[in-house]
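Accompanying notes for the structure given below.
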Amino acid sequence: MHGQQGHQTLLSALTEPGQERTNAFGRMGLTFGLGFIITPLFSIIATKLLSESAPIIVSAALCVLPFLVLEFCLDRRSYEEHESEIGEENNNNMSITNVIRILNRPGVLNVMFKKNAPIVPMLLIFSIMQLYLIEEFNADAQTGQLIQMMTGVCIMCSNGFGVIWMRKMFSEQTLLFIGMIFFTITFTLFFFFNRLWMIVIIMPFVSFGMSLVATVADSLLTALVAENEQGLVLGVATSFNSFVRTFAPTISGFVLETFGFSSFALIGSLSTALGHAAILMFPLRENLLRKAKTN
């Protein structure tokens, strides 16, 4: 899961801030969505042909492919200069001091808040979604796999085509606002989520919201710091999401049992409204964004 941070750092070294980087992050999301589709298929085929533990062996074998691509299909000269610059900086390691320093950079907290205002409530919902589907709708494993594949298709379309196409017409800050609108629609639909078939309507809005907000926000974060700090700022963003995922099942389970599923829709709606207010009242100054790669 956390390999995404390394992939984004490498893409940041190979692209210019702005549209090129946002498109690159979007294409990375395309492969992420493809994995949602291929994984259930591989699991089903491996289980039927071999055994119940076969999917684990298949996944271990597939993990070798990215290593081969990195070693033999990517020219090291395209990013080794970036690596040497990072190596010369001894103050960019992940530590409390450096995290605070990065967060104090102009615009970083601004973007971090706008990114997490809708995403954190969505992570809370994701952590108990499978449990809720089983308890409320008696969904079986096959239904879960179908929903996962449908989610993968939505992520592929939103990341691989939606983000890239929309970036040609809108600025990154406008895309961030549009992503918030998708989240607002999502949480509104969750208020009425009392039939399983409604997941087919909800998931496209979830996918477009996650794709736009996460992809654009990460692209903006890398444009707000020096090139040799891009890995650090992405690490901070990833660490915060990991922190939320750690406690999300416990918190979400308590909220679900005490207040019901509709409370997540209320929390998400209020949090997303704060994100909308932040975008309108505290827009990111364009002069903070780096238009070209600098040290």
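Note: Cβ is positioned from N, Cα and C throughout, glycine not excepted.
Unlike curated records, TrEMBL annotations are generated automatically.
According to TrEMBL, the feature domain 'Major facilitator superfamily (MFS) profile' maps to 1-286.
Packing against the transmembrane segment (29-50) from elsewhere in the chain are residues 4, 57-59, 62, 145, 148-149, 151-160, 163, 207, 211, 214-215: each is 6 or more residues past its ends and has a CB under 8 Å from a CB in it. The feature transmembrane segment is assigned by TrEMBL to 29-50 (among others).
Under the heading transmembrane segment, TrEMBL lists 56-74 (among others).
Residues or ranges marked as transmembrane segment in TrEMBL: 117-134 (among others).
The annotation transmembrane segment is assigned in TrEMBL to 146-166 (among others).
According to TrEMBL, the transmembrane segment annotation covers 175-193 (among others). Beyond the ends of the transmembrane segment (175-193), by six or more residues, the same chain brings 22, 114, 117-118, 121-122, 125, 163, 166-167, 199, 201-202, 205-206, 208-213, 216-217, 220, 261-262, 264-266, 268-269, 272-273, 275-276, 279 to within a C-beta distance below 8 angstroms of the stretch.
Per TrEMBL, the feature transmembrane segment maps to 199-225 (among others).
Per TrEMBL, the feature transmembrane segment maps to 232-255 (among others).
Residues annotated as transmembrane segment in TrEMBL: 261-284 (among others). Here the transmembrane segment (261-284) has Cβ contacts under 8 Å with residues 107, 110-111, 113-114, 117-118, 120-122, 124-125, 132, 136, 173, 176-177, 180, 183-184, 186-188, 190-191, 193, 220, 252, 255 of the same chain, all six or more residues outside its ends.
Among the listed stretches 56-74, 117-134, 199-225, 232-255, the one sharing the most Cβ pairs under 8 Å with the transmembrane segment (146-166) is 199-225.
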